[in-house]
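Quick notes on the structure that follows.
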């Protein structure tokens, strides 16, 4: 009962102080020193409410992780039809998530509460424990998920030889190596941040490449198998399913159109944003709006043409859906990546940011995004294999760039927060 009350009170404090800051920003009749003092007081209360909210959310997530993963471990203990090495991988994944709920998230909650009550020694110990355990357990979890994807691919490719090659002993050895490597990396993360950062970036990129490649191969093999079955059966798709898919796409089209129209109206009225950043947000909202206006209606048309057996319309709508979806999703992904880089430049360049990131340069970058995406979308009709690999490479590059940008932003803000805490400790 106490936890929901704390969450509710912290949310009320957050909203209240946020509204106070907005009101102070718009009020011009107050004496500037008084206005500054009131802003400082509201900001302090806002930071306290945010810290309490983070602490309460971490406690709630900790309870959820403990209960959920405990049930998964019990279910895996009672399950007997799974191949033992696969079962061991699932157990390892559930155990790491359980330990995150038992160890990492409580330390995170203690860290935020120690910030609120200004217990700086406890704050430092809790932060170090949270970083080491979080780095170790998240590393084990990521590598285990990658191992599961490779295990599923081997189960499909090896066939009858799978049980001979993927044995219980080999799986134990692999998991032991994963745990030892992650424990050493977790302890090393406290000693050298730069090596840890680049090691994390390389590890996550490698795991993403392996997992995406494995699941792509599985998907293509299953898709090929399904196409063979459909050719053999020579049966049209189920009419109720086609109508349902069409209705869902119409509903999503309406939602995307209304939501992104409101976002564009809000951006038009907003004057405090830097114009290049505002242009990025407008481009992102426009691409999502076009998906609702063009792609999803075309997809609904495709499903309805299947129901009524209009095969020429079906072919045209399928091609149009593929091209428009590919173009708009690619522009959206590239714009999201550009926004992450824009936020990083705003943090690093500071006063030089407005000189370097200009509206003209932003227009040129977005024009390049649209031209490249249009060519890639049209190329989809000519060679599907090349388009698939290009999509894979572009998506991976965008993910790595966004992850690196937001990680640097987080580290810079964390370093700034530590400096503020050290300065606060030095004050009498």
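Including glycine, each Cβ sits where the backbone N, Cα and C put it.
Residues or ranges marked as domain 'G-protein coupled receptors family 1 profile' by TrEMBL: 68-207 (among others).
Sequence annotations record features per position, and here TrEMBL assigns domain 'G-protein coupled receptors family 1 profile' to 259-428 (among others).
What TrEMBL lists as transmembrane segment is 7-27 (among others).
Positions annotated as transmembrane segment by TrEMBL: 47-76 (among others).
Within the same chain, residues 83, 85-86, 89-90, 92-93, 96-97, 99-100, 103-104, 107-108, 166, 174-175, 178-179, 181-183, 185-187, 189-190, 196, 200, 203-204, 207, 210-211, 214-215, 217-218, 221 sit at least 6 positions outside the transmembrane segment (132-160) and bring their C-beta atoms closer than 8 Å to a C-beta of that stretch. The transmembrane segment annotation in TrEMBL covers 132-160 (among others).
Annotated transmembrane segment per TrEMBL: 172-191 (among others), in sequence order.
Taken from TrEMBL, the feature transmembrane segment applies to 245-267 (among others).
Nonlocal intrachain contacts for the transmembrane segment (279-300), taken as residues 6+ away from its ends with a CB within less than 8 angstroms of a stretch CB, comprise 245-247, 249-250, 252-257, 259-261, 263-264, 267, 273, 317, 320-321, 324-325, 328-329, 331-332, 335-336, 338-339, 342, 359, 362-363, 366, 369. Feature annotation from TrEMBL assigns transmembrane segment to 279-300 (among others).
Look at TrEMBL and you will find 320-341 (among others) tagged as transmembrane segment. If you look at the transmembrane segment (320-341), the same-chain residues 6 or more away from its ends with a CB under 8 A from one of its CBs are 277, 280-281, 283-284, 287-288, 290-291, 294-295, 298-299, 302, 365-366, 369-370, 372-374, 376-378, 380-381, 387, 391, 394-395, 398, 401-402, 405-406.
What TrEMBL records for 362-380 (among others) is transmembrane segment.
Residues 201, 204-205, 208-209, 212, 216, 326, 330, 333-334, 336-337, 340-341, 343-344, 376, 379-380 of the same chain lie 6+ residues outside the transmembrane segment (386-406) yet bring a C-beta within less than 8 angstroms of a C-beta in it. The annotation transmembrane segment is assigned in TrEMBL to 386-406 (among others).
Taken through DSSP, the domain 'G-protein coupled receptors family 1 profile' (68-207) splits into 127 helix, 0 strand, 13 coil. The average pLDDT computed over the domain 'G-protein coupled receptors family 1 profile' (68-207) stands at 87. Outside the transmembrane segment (245-267), and at least 6 residues removed from its termini, the chain residues within Cβ reach (under 8 Å) are 273, 278, 281-282, 285-286, 288-289, 291-293, 296-297, 299-300, 303-304, 307.
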